[in-house]
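Over in Swiss-Prot, the protein carries these features:
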- Lys10, Phe11, Ser12, Gly13, Gly53, Arg57, Thr161, Tyr167, Asp170: ATP binding site (BINDING)
- 18-23: region 'Involved in allosteric activation by GTP' (REGION)
- Gly52, Asp73, Thr134, Gly135, Asn136, Pro137, Phe138, Phe139, Thr140, Thr141: UMP binding site (BINDING)
Amino acid sequence: MDKKKRILVKFSGEALAGDSGFGIDSTILKFIANEIKSLVDMGVEVGIVIGGGNIIRGVSAAAGGIIKRTSGDHMGMLATVINAIAMREALEFYDVDVRVQSAIKMEAICETFIIGRAKRHLEKGRVVIFAAGTGNPFFTTDTAATLRAIEIESDMIIKATKVNGVYDKDPNKFEEAVLLNSLTYDEALKDNIKVMDDTAIALAKDNHLPIVVCNMFKSGNLCKIADDDLSFCSIVK
């Protein structure tokens, strides 16, 4: 690795749930914590954003017509705080110095997000987990992750998924799906290419933030990316 990198890693809440589809699987939590620890041990400055879909999604909560979408999204933000606390505990278990910063004030649980403070934590080698999305309804955690990556001047954002990268079609449905090692932001915005939501991609494009998509369940992938090996994944730039 030529220089010290600053990377933001985004993964979904569903990833924490494992096969059960709900809640937090301690085995997966330990695995992710170890992968993040390996990055820290390389000298990489690491930020994290976790979704909340393993607990609740704002859109789903509002689908019944009783809960307003804004309230549903606030519930989703709280779910990301739950996941952030779990990840903090897992990282601390492995002696990683970590802070949680929330877009919504909740001082009894974690810090409130302040850009300068987040950067200082990163410079001191602490992992920073950004929770509660952007703090606003109608914005996804993908958009929140992209925003935080730009704010902390990250070199890239890694979207850690269950597949090896971006495909020209859904690899779970089509055996002939082809992995795209490199694509432009405009190509990523096409309807059949699912990288992130359009707002997140447009934000990354406007700020020249590379998006790397990889399989989070293959040990060592994050470290390879930090060491500039992108042969096994996809990059949007």
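The backbone N, Cα and C atoms fix where each Cβ goes, and this holds for glycine too.
For Phe138 (UMP binding site), the nearest neighbour among the listed binding-site residues (Lys10, Ser12, Gly53), judged by C-alpha distance, is Gly53. Across all of the region 'Involved in allosteric activation by GTP' (18-23), the predicted model scores a mean pLDDT of 88. Local packing around the binding-site residues Gly52, Gly53 was summarised as the count of other Cβ atoms within 10 Å of each Cβ; on this measure the leading residue is Gly52. Between the farthest pair of Cα atoms in the UMP binding residues (Gly52, Asp73, Thr134, Gly135, Asn136, Pro137, Phe138, Phe139, Thr140, Thr141), the distance is 15 Å. Remark: of the binding-site residues Ser12, Thr134, Asn136, Thr140, Thr161, the most isolated position is Asn136 (fewest other Cβ atoms within 10 Å of its Cβ). Among the binding-site residues listed here, namely Lys10, Ser12, Thr161, Ser12 has its C-alpha nearest to that of Gly52 (UMP binding site). Using Cα positions, the member of the binding-site residues Thr134, Asn136, Thr140 nearest to Ser12 (ATP binding site) is identified as Thr140.
A Cα-Cα distance of 16 Å separates Thr161 (ATP binding site) from Thr140 (UMP binding site). Around Lys10 (ATP binding site), taking its Cβ as the centre, 27 other Cβ atoms fall within 10 Å, counting all chains. For Phe138 (UMP binding site), other Cβ atoms within 10 Å of its Cβ number 13. Secondary structure counts, DSSP: the region 'Involved in allosteric activation by GTP' (18-23) has 3 helix, 0 strand, 3 coil. The UMP site is set by Gly52, Asp73, Thr134, Gly135, Asn136, Pro137, Phe138, Phe139, Thr140, Thr141; from the centre of their CB atoms, other residues of the chain with a CB within 8 Å are Gly58, Gly76, Met77, Gly133, Thr143, Ala144. Taking Cβ-Cβ distances under 8 Å and a sequence separation of 6 or more, the neighbours of Asp170 (ATP binding site) in its chain are Ala177, Lys194.
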